[in-house]
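Per Swiss-Prot, the features are as follows:
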type     : residues : note
COMPBIAS : 15-33    : compositional bias 'Acidic residues'
COMPBIAS : 59-88    : compositional bias 'Acidic residues'
COMPBIAS : 116-134  : compositional bias 'Basic residues'
DOMAIN   : 185-369  : domain 'Brix'
REGION   : 1-98     : region 'Disordered'
REGION   : 116-152  : region 'Disordered'
REGION   : 347-364  : region 'RNA-binding'
Amino acid sequence: MIKIKRKTAPPPVEQDSDSDSSFDEEEPQDLEVQEGPVTDSSDEEAASSSKKTAKQGEASEDLKEEDDDDDEEENDDDDEEEDDDDDDDKKTRIPVLNPLSWMRNKEQRLALYKKMKKEKHKKKMQERRARRKAGVPANPGHTIESLREKDQTEVANLNDSDNEELQKELQLDDFSSYFERSYEPKVLITFADNPVTKTRKFGLELSRIFPNALVKIRNKSSVKKICKSAEREEFTDVVIVNEDRRKPNGLLVIHLPNGPTAHFKLSNVKLTSDIKRDHKEITKHRPEVILNNFTTRLGLTVGRMLGALFHHDPEFRGRRAVTFHNQRDYIFFRHHRYEFTKEGKRVKLRELGPRFTLKLRSLQEGTFDSKTGDYAWIISNKRHAMESRRRFFL
């Protein structure tokens, strides 16, 4: 290592004013160069500190590179999320501009609206024709029935091998003797105390529907007494029509002698005269009974109970058909007669009446007992307060 030492300059010499030159040339300074190792301790400490700082600098550069890579990855993810958010914002925030809203002239706006509506209908019909030509089925869309919550007790096919236990239960239930044809149904129809005219007419029309039915006035008797007297007179079922505000609003069906008892809400009652029909069109032939869409275990019991009110051998010559159609836990009742054309190739239905809708409120085991009776099923709350609107029980 080379060390350079600088000698100090001598003090300046005062010159006389009589000298010829105003400026004196400065003498060059001598520099001494020494060769050899440096023995100064401060230099060694500076060298070691420089090495340490170099190593620390390299380590810090490596950390900075890793941090930069992580920051770049995070920035890329943030950019992707921001792009997705921007796409969503673009989809939701862009308003749909209607050209009609910019027109102030009412006549021109109406003419343009009719033109746009006509073009839209024309385009829709073209798409429908193209779809039919290609053989593509139309989209059925969603309904409450298609979105219905699946019930664990749903019965798809009663004759299936998976439903052997259910078949054994049905062979031992309260309606097994009816389906074995061991007796002929006999129905007693009565009313609440002091029924109004419309309620009496409705009970009379029920007697035209149910074969072997008898209508009697209640005479302020309790339901238990009515059941005991009906059992003595060999009635198999009791139907009690309740009323409120001078309208029939409830139906109590009791199967004798051991129950069960079903309470229905009655609504949308239309008598034969209300649908402009004559009761003389209703013949005395035993009708054919159609039970539709009772798919659950509870629905199967209710359907068997309603079917047990009719004779098990219908008379097809009378061409009468009685339908109990369950839809969204509402049971729609219709009474028709099917008529053939002169050629005998086509058939049409003629409604005879009455027409009403049933809604199951409770199903009680045994005969009617409001105090100590056991309920197999009872409605819990109003429809709008239930936990799900897509859950049905029948």
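Glycine residues also receive a Cβ, built from the backbone N, Cα and C atoms like all the rest.
Sorting each residue of the region 'RNA-binding' (347-364) by its DSSP state yields 0 helix, 15 strand, 3 coil. Residue counts for the region 'Disordered' (116-152) under DSSP, split into helix (H, G, I), strand (E, B) and coil, are 19 helix, 0 strand, 18 coil.
The average pLDDT computed over the region 'RNA-binding' (347-364) stands at 92.
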